[in-house]
Amino acid sequence: MSIPVWAQLAYLGAAVCFILALKGLSGPKTARNGNIIGAIAAVVACAIPFFYLDLDHVPLILVAVAIGTAGGVYGARTVQMTQMPQMVALFNGVGGGAAALVALLELHEIVSVSADPSADPGWFVLLATAFTILVGSVSFAGSIITFAKLQELMTSRPVVFPGLPVVFGLALIGSLALGGLLIGDTTMLVGVVLALLGLLIGVLLVLPVGGADVPIVISLLNAFTGLTVAAGGYVLSNTLLLVAGTLVGASGTFLTLLMAGAMGRSVANIMFGALKGGSTLGAGEASDRPVKSAGAQDIAILLGYAERVIIVPGYGLAVAQAQHTLRELVDVLSERGIEVDYAIHPVAGRMPGHMNVLLAEAQVPYEQLKEMDDINGDFKNADVVLVVGANDVVNPAAKTTPGAPIYGMPILNADEAKQVIFMKRSMRPGFAGIENELLFEPTTTLFFGDAKESLGKLLNAVKAL
Amino acid sequence: MDEGVVWLTIFILSVFVGIEVISKVSSTLHTPLMSGANAIHGVILLGAIIVTGSTDNGLALTIGLVAIVLAAVNMVGGFLVTDRMLQMFVRKKPAKAPAPSEGGR
């Protein structure tokens, strides 16, 4: 099966476009064009085999493509911005599943020609096939669990049962043994069992991860799927799949490390921390310690007569769809001559950069969004810090309590400001499930209620000043 | 050059390109970047089409078609969802050109 030169060159062109796409996606100005270049390259690439291969079942294939396209369009159009992380997880999972199925089919092809001794595919091809089947299945099952956790179809807390490390270890050893067996004894049965074992490993891998760490897992599984596609490309002797998969595998791994770094955690700690017991399990209960709370009028006065205000937005803001009201409030404050900025923690929301997307949707100017390192020195000059639906990213326990699950995560220094206002729905702890000492500080005022409603009241009160 | 070494060369160079090309990304763009990279590996659709188009076994054909559906969801959905996120970054300056014209919307 030799590929004609024009097709090989077309694959090369598509690979270059993917590199340009990733490059474009790294800058705010070029990102959209980068994505479009990638999309065009992918569509063109998928059309190429129809022209040089004598493909069977073309009508059925086109129907399947149409069904998948419709599903993808529907999902991408209807998803809420707040649900973006689980959508990415789901898309990643089905990609991993597709790669595993492709490898199983290729194995079937290898098995059915194996009667002919001259058709020996070589041990490395078999190894790559085993890798694709296994890791693709891991990625599929892991992503589905990730989706369920973020969509809150199941608990977002770490799920651990007593024998889990043992079962996980046995499954890993079993999969390695099966992978080796596949090289010596190439049968479909071994491949199918390997896929099932991969599914089990995927589930066990993600279950013990706490909800707040799930974004890291999405990124990691994304890298897994990339490597799977790369191995699949090797098996199919397709350079484009190899390059595209490797690009995603490498950049995905790097991105995972960047994200884990932003949370001050090691990837190993995130994945296996819960297995070592205790430390990632927070109390998860509302506290009844005394706090100071106030109404919209008082808060409006605090804000309206400040000189420097910093807003710390969190996932609660997004859930309440209050980003537009917040922007109006900031506009009014700015008109009063108050200097207002948004302090964006790298993992605010559910994924790095998630909050930027949400605020950009509300047309907050890019310049007002300050990254953590740029604004952290500024908190001590701030008269008021307004925390809207955020919790863990300003929790001093990250600095002071070595046992806390978020210990070591860099946080926004909201505690250094003269006044802190927390807009919260209740005293329930944040996603990491631990109590926030900042809530009980004398400089802190709580403003209870749904973020959108409260911000609306606050907006009117400030306007009336 | 041995064919295996050619493949290895492509692989290693791609690793470096993959890391180098995103090393300067700001955390603002991590989510769209992850989503865009996710869409790129949807190109496994190409592999699914090739494998499915050269099988003659009923069960294998069915599995291949499932793989095509899944891969198409990954690829199409991935690029569209990334574009939706990125629209929000671009929208601030050109207020007079409200409707993006291409098929995304």
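Here, residue 1 is simply the first one shown, and the rest follow in order.
The backbone N, Cα and C atoms fix where each Cβ goes, glycine too.
Unlike curated entries, TrEMBL annotations are predicted automatically.
Residues or ranges marked as transmembrane segment in TrEMBL: A:6-22 (among others). Sequence-distant contacts of the transmembrane segment (A:6-22) (same chain, six or more residues past either end, CB-CB distance under 8 Å): 34-35, 37-38, 40-42, 44-45, 48-49, 51-52, 238-240, 243-244, 247, 251.
Here TrEMBL flags A:8-460 as domain 'NADP transhydrogenase beta-like'.
Marked as transmembrane segment by TrEMBL: A:34-52 (among others). Counting only same-chain residues 6+ beyond the ends of the transmembrane segment (A:34-52), those with a CB under 8 A from a CB of the stretch are 3-4, 6-7, 10-11, 13-14, 17-18, 20-26, 58, 65, 240.
The annotation transmembrane segment is assigned in TrEMBL to A:58-76 (among others).
Annotated transmembrane segment per TrEMBL: A:88-111 (among others), in sequence order.
Within its own chain, the transmembrane segment (A:123-147) has Cβ neighbours under 8 Å at 86, 89-90, 92-104, 106-107, 110, 153-154, 175, 178-179, 182-183, 186, 191, 194-203, 205-207, 214, 217-218, 221, 224-225, 227-228, 231-232, 234-235, counting only residues six or more beyond its boundaries. The feature transmembrane segment is assigned by TrEMBL to A:123-147 (among others).
For the transmembrane segment (A:159-183), the list of distant contacts is 107, 123, 126-127, 129-131, 134, 190-191, 193-194, 197-198, 200-201, 204-205, 207-208, 274-275: same-chain residues at least six beyond its ends, Cβ to Cβ under 8 Å. The transmembrane segment feature in TrEMBL is assigned to A:159-183 (among others).
Under the heading transmembrane segment, TrEMBL lists A:189-207 (among others).
For the transmembrane segment (A:214-234), the list of distant contacts is 85, 88-89, 92-93, 95-96, 99-100, 102-103, 106, 125, 128-129, 131-132, 135-136, 138-139, 142-143, 146, 149-150, 156, 205-206, 240-253, 255-256, 259-260, 263, 265, 267, 270-271, 347, 350-352, 354: same-chain residues at least six beyond its ends, Cβ to Cβ under 8 Å. Residues or ranges marked as transmembrane segment by TrEMBL: A:214-234 (among others).
Here TrEMBL flags A:240-262 (among others) as transmembrane segment. Counting residues 6+ beyond its ends, the transmembrane segment (A:240-262) has Cβ neighbours under 8 Å at 11-12, 14-15, 18-19, 22, 45, 215-216, 219-220, 222-234, 270, 346-347, 352, 410 in the same chain.
If you average pLDDT over the domain 'NADP transhydrogenase beta-like' (A:8-460) in this model, you get 86.
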